[in-house]
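According to TrEMBL, the protein has these features:
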{"type": "BINDING", "residues": "T138, D212, E237, K267, D271", "note": "substrate binding site"}
{"type": "BINDING", "residues": "G303, E304, V305, G306, K307, G308, E324, N427", "note": "NAD(+) binding site"}
{"type": "COMPBIAS", "residues": "50-63", "note": "compositional bias 'Low complexity'"}
{"type": "DOMAIN", "residues": "272-433", "note": "domain 'S-adenosyl-L-homocysteine hydrolase NAD binding'"}
Amino acid sequence: MRKVYSLVSLTKNRESKDAVLSLNIKQIQYPEQTREFDSRLTKTGRRSLSHSISHSSTDSNSSDAENPEDEVSPRDMQQINSKGNMDFCIKNIKLADFGRREIELAEDEMTALMALRKAAQGEKPLAAAKIVGCTHVTAQTAVLFETLKVLGAQCRWAACNIYSTQDEVAAALAEQDFPVFAWKGESEDDFWWCIDRCVNVEGWEPNMILDDGGDMTHWIYKKYPHLFKKVKGIVEESITGIHRLHQLSKAGKLCVPAINVNDSVTKQKFDNLYCCRESILDSLKKTTDIMFGGKQVAICGYGEVGKGCSAALKAMGSVVYVTEIDPICALQACMDGFRLAKLGDVVRHVDMVITCTGNKNVVVREHMDLMKNGCVVCNMGRSNTEIDVNSLQTPELVWQHVRAQVDHIIWPDGKRIVLLAEGRVLNLSSSTVPIYVLSITATTQALALIELFNAPEGRYKQDVYLLPKKLDEYVASLHLQTFDAHLTELTDEQAKYMGLSKYGPFKPSYYRY
C-alpha cells in the first residue's frame, strides 16, 4: 500500500444552511496498481452509427413543413457569433438566445453538477486539459460542457447521434465561443466531418476523450493515431463504446487507460433504469399516439434499460414478453412477472417490439416478415444496428414517411409495420429524457475525467476500469440534497465491526446493487 494524491475529498460546511460542498486535494490510500474493470467481452459488431436510409424529418417536435434555410447544409454556410468567432458549425446561430434559456432551465434541475462546478472552480482540476468529445448535444449535456470549461478545460465537441442535437442549444454554445460541430439531421458524411473538425485542428491536440458510442475514439485511431501519445485517458458512456474498448484491449491495441462510465452504479441504475422507465412511454406517445392498455409487447433484453421499459409498459396495462440470452437476467424477468419467450415464437401476435440489447441484428427481416399489420418496431438500446433496417431497403417494400421519426414500411400484400426513428435510440431521437437522471450521468462523467487527468503515473495502465467506488458514492451523495434526505452515519464501533471507513466506500467493488 502506498500513498498517492487523488482529486477528490468531500467536506461539508456544516455551519452553512446550504451545506456548500468543497472539493479539496486530499491524501488517500490506493492499493498498488489496483484495477477494477469489467472483463466481459462480447462479439457484437461495430455499429453503423449514422447511416440515414429514409428521409425522415429531423425535428420530432415540429411539423414536417420544409424551411428554405434547412435546404442549405450548415457546412455551406458561413456563420459568425457576436464576438466574431467562426470556430463552429451549427444550424443557425440566431437561435442562441432560445438555447441559452433551455440551458438555464436544465441548470436548475442539475443541482449536483452545479454544486460540483461551484466546489471545484477555484482549484481548476481540469486546467490544461484539452477534451475532445462526441456525445449528444442537448441542454443537459451543455451544462456538462460548460462545467468542464469552468473547471479549466478546453473543449471541442461533436454529436454522437444525427437526430438528437438541439440546434438552439448548439447555437447557445457557439455564441459563447464553444467549438461545437453538430446539427439535427446530419448525413453520414456530415457526421464524420464534424468529428474530424473537432480533432483536425492546427495548433491544438486533445489530451482527453469523452465518448458516447466510441466514434471519436474510433476516428482518432483510424485517422490520427499519433494523437494518442498525448492522450491521458478515455471516458466512455455507452455499452457499444465499452465493447469496442474491450476489443481493443483484448487485441493489445488500447494504448491509454479508459474509464467505463456505463457500468458505474450511478449510470446503470439511474440513467439506464429510471430514465428509460419514464422516457419510453413519452417517446411512444409522441410518435404513435398508441394506447398501452392491453397491448402485447416484446422487449428484447432485460438489462437495466429493458427492466425500465418492461416495468413502465406493465404498469400501463400491457402484456409484456421478454427475450434474453443471459439466464440470470432471464430469471429476473420471470421473478418480476414477465413471460420469457423467443422472439420468433411471439412476433406474429405482438403489437410492439422494442430492442434494448446493444447488440446487432436482434430484429431481422425474417421477424418483420412475420409481424402483424400495424406492429410498432423501435430501439431503446445504444446501438442502431439492433434492428436490421438495411434489409427493408428492397424493391418490393414501400417506405411511407408519416411524421417526424415515423415511417410505415408497406409489404406487397398491404401489411405495414411502423418503424420509429429509423431504428436509432428512440427517446433521444423522438422525445426528451428526464433532466435529473442526466445530471447523475453528467456528474459521473465529469468526475471520471478529473480522476484520469489528475491520476499519478502508474495508477492506471492501458486497460478499461470501472469508476472508483468512492466517486460513485460521491455522485449519489450530491443528488441526495435534492430530496432533503439525511444519511445515517456509522458510529466508530459499527465501522470497526464492519471493517469500513465511516466515510466510505461502503460496498466492495464486486457488490451488485
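Every residue, even glycine, has its Cβ placed from backbone N, Cα and C.
Long-range neighbours of D271 (substrate binding site) (same chain, six or more residues apart, CB within less than 8 Å of its CB): V437, L438, I440, T441.
Sequence-distant contacts (6 or more apart, same chain, Cβ under 8 Å) of G308 (NAD(+) binding site) comprise N272, L273, Y274, C275, C276, R277, E278, I280. Comparing C-alpha positions, K307 (NAD(+) binding site) sits nearest to K267 among the binding-site residues T138, E237, K267. Counting only the Cα atoms, the space from V305 (NAD(+) binding site) to D212 (substrate binding site) is about 16 angstrom. The binding-site residues recorded for this entry are T138, D212, E237, K267, and the Cα of T138 lies nearest to that of N427 (NAD(+) binding site). Whole-number maximum of the Cα to Cα distances across the substrate-binding residues T138, D212, E237, K267, D271: 18 angstrom. In this model, the domain 'S-adenosyl-L-homocysteine hydrolase NAD binding' (272-433) carries an average pLDDT of 94. E237 (substrate binding site) sits 14 Å from E304 (NAD(+) binding site), counting Cα to Cα.
Ranked by Cα separation from G306 (NAD(+) binding site), the binding-site residues T138, D212, K267 are led by K267. Among G303, E304, V305, G306, K307, G308, E324, N427, the residues given in the record as binding NAD(+), the maximal Cα to Cα distance rounds to 22 Å. Neighbour counts were taken as the number of other C-beta atoms within 10 angstroms of each residue's C-beta; across the binding-site residues G303, G306, the minimum falls on G303. Listed in sequence order, the residues of the same chain lying 6 or more apart from T138 (substrate binding site) and placing their CB within less than 8 Å of its CB are S164, T165, Q166, V169, L428. D212 (substrate binding site) is 24 Å away from E324 (NAD(+) binding site) when you measure Cα to Cα.
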